[in-house]
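Undergrad: Structure below; questions to follow.
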Amino acid sequence: MAAGSPEKNGDATDKSHLPIPAFDPPEKPKRNKYALACSFLASMTSILLGYDIGVMSGAIIYIRRDIHMTDVQKEVIMGILNVYSLLGSAAAGRTSDWIGRRYTIVLAGAIFFIGALLMGFATSYSFLMVGRFVAGIGVGYALMIAPVYTAELAPASSRGFLSSFPEVFINFGILLGYVSNYAFSKIPQHLGWRFMLGIGAIPSVFIAIAVLAMPESPRWLIMQGRLGDAKRVLDKTSDSLEESKLRLADIKEAAGIPEHCNDDIVSVPKRHHGEGVWRELLLHPTPTVRHILICAVGIHFFQQASGIDSVVLYSPEIFERAGIKKDTDKLLATMGVGFTKTIFILVATFLLDKIGRRPLLLSSVAGMILSLVGLGVGLTIIENSDHKLIWAIALCISTVLSYVAFFSIGMGPITWVYSSEIFPLRLRAQGCSIGVAMNRVTSGVISMTFISLYKAISIGGAFFLYGGIAVVAWMFFYTLYPETQGKTLEEMDTLFGTFFRWRSTARAIEEKKNESNGQVQMGNTTTNQS
């Protein structure tokens, strides 16, 4: 009896402590298939931007011949969609808080559908610009809402994997645009480019239908007081019921709902429609919010300032400068860019939650720097040579491919993952919209000045300049960006706010966690022995 008593006590004690490991992400968590499917569907909106970027790079060859335009007009028509998308991304934060994340995705698809049809039926430069304006609004909505929805739905253990989906679909859309260029390049010129642009309306229809199968974001549901609906979504999208309860408690606290309120419908404290949020973000930010905002805006700026849209939008022109003259050869080489981007973004999705954000980001930018320098060297040699240099052409093609590969494996997806996961709930929608606004402004400036830039400082000089910007980006990321892998969305306050001293803060957090784990283990041992 006496010998059996401790065993029974030990068993009871072990059972009472079974839920404890659930408070930390499992070592190898099983993918939540429901969260995976929802993130997949939401991220399909990013195809819209990718397709437009990809298709315009080839379509402009034929548009320029059919609707005569100057170099400046060409630059503007290529990059203006990014500026127009600012209006969509600025409105998306307010809209998504008003009608919900899910229906904001539907709205994005509907707007882009109209824009794609207008571009396809354009008869003049002005008409084409109207189509670009409408499509740009839809792209702005899509860019902002997909990462926010995914970050709010995904469990912490696979948030990086799922939050990288928007970038995956941007790349897939770019590839579809390149394929469309090549496929329709064989039909009459005045019809080919119209099919290239107009067929972009088709993905938006599928997106609107797919949204019917998606749940609303649990965080938005709680902000509306719909605890019962939010709990059901969290139970389906969490790795365990214990994690679901923790996520529910964290979001309730952030939304100002008392812990004891567990009714299906509860009243939520009155909120001003964004005025307090903008004040907290821009006018009177705390050190934590200021650090988060600098990181979010900075990563979006450097993603575009390092020249990715110049390479993707102007690939045919770059290959022409490198010595490839035939239209079909240029489009085939450009398709190679699309395939490379798509393959490496798929690789990145599986590395984000295994390697972490920082190592991938820093190694990605380092590879981009080397590729940009190599491309600049190759183009400069070709430009100053009076005969064809096969090795230099091969260097240019290989460095373009390596540049987009390095971009896609880190800088591309991590920008959206990082910026969507670091903002606290009350600031997330508006904070992400600021990041997207910076992304689109920078992209617009880069894409609308590329031809003027390379005519002023040479095409090789343009890529040396982008390489210099990438060097600054690497130093910026190295000094200011803490690792966020495996952290819950409501834990970010502990990582941000000390700026350049974030490493000591991270060490202190880790030591405190180890001490807590040690105390728990000692408590378990003592209980078992008793």
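Note that Cβ sites are derived from N, Cα and C of the backbone, with glycine treated the same way.
Pulled from TrEMBL, these are the listed features:
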| type | residues | note |
| --- | --- | --- |
| REGION | 1-26 | region 'Disordered' |
| COMPBIAS | 8-17 | compositional bias 'Basic and acidic residues' |
| TRANSMEM | 34-64 | transmembrane segment |
| DOMAIN | 38-485 | domain 'Major facilitator superfamily (MFS) profile' |
| TRANSMEM | 76-93 | transmembrane segment |
| TRANSMEM | 105-123 | transmembrane segment |
| TRANSMEM | 129-149 | transmembrane segment |
| TRANSMEM | 161-179 | transmembrane segment |
| TRANSMEM | 191-214 | transmembrane segment |
| TRANSMEM | 331-352 | transmembrane segment |
| TRANSMEM | 364-382 | transmembrane segment |
| TRANSMEM | 389-418 | transmembrane segment |
| TRANSMEM | 457-481 | transmembrane segment |
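Please situate the listed features within the shown structure.
TA: Long-range contacts of the transmembrane segment (34-64) within the same chain: residues 74, 77-78, 81, 85, 101, 105, 108-109, 112, 128, 135, 138-139, 141-143, 145-146, 149-150, 153-155, 158, 162-163, 165-178, 180-182, 185, 189, 192-193, 196-197, 200, 203-204, 206-207, 210-211, 213-215, 236-237, 309, 312-316, 327, 330-331, 334, 338, each at least 6 residues beyond the stretch ends and with a Cβ under 8 Å from a Cβ of the stretch.
Model confidence over the domain 'Major facilitator superfamily (MFS) profile' (38-485) is summarised by a mean pLDDT of 88.
Taking Cβ pairs closer than 8 Å, the transmembrane segment (161-179) reaches residues 31, 35-36, 39-40, 42-58, 143, 146-147, 150-151, 153-154, 196, 200, 203, 312, 331, 334-335, 337-339, 341-342, 345-346, 348-350, 352-353, 408, 412-417, 420-421 in its own chain, all 6 or more past its ends.
Cβ atoms under 8 Å from those of the transmembrane segment (331-352) belong to residues 54, 57-58, 160-161, 163-165, 167-168, 171-172, 174-175, 177-179, 181-182, 185, 311-312, 315-316, 319, 324, 360, 397, 400-401, 404-410, 412-414, 417, 485 of the same chain, restricted to positions at least 6 beyond its ends.
Same-chain residues lying 6+ beyond the ends of the transmembrane segment (364-382) with a Cβ under 8 Å from its Cβ atoms: 302, 306-307, 318, 321-323, 389, 392-393, 395-396, 398-400, 402-403, 405-407, 409-411, 414, 458-464, 466-467, 470-471, 473-474, 477.
Sequence-distant contacts of the transmembrane segment (457-481) (same chain, at least 6 residues past either end, Cβ-Cβ under 8 Å): 291, 294-295, 298-299, 302, 305-307, 310, 318, 321, 357-358, 361-362, 365-366, 368-369, 372-373, 375-381, 383, 418, 450, 499-500, 502.
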Undergrad: Is the transmembrane segment (191-214) packed against any residues at least 6 beyond its ends, judged by a Cβ distance under 8 Å, and which are they?
TA: 37-38, 41-42, 44-45, 47-48, 51-52, 55-56, 58-59, 62-63, 66, 102-103, 105-106, 108-110, 112-113, 116-117, 119-122, 131, 135, 138, 173, 177, 180-181, 184-185
Undergrad: Would you kindly check 105-123, 129-149, 389-418 and say which stretch has the most C-beta pairs under 8 angstroms to the transmembrane segment (76-93)?
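TA: Answer, by Cβ pair count: 129-149.
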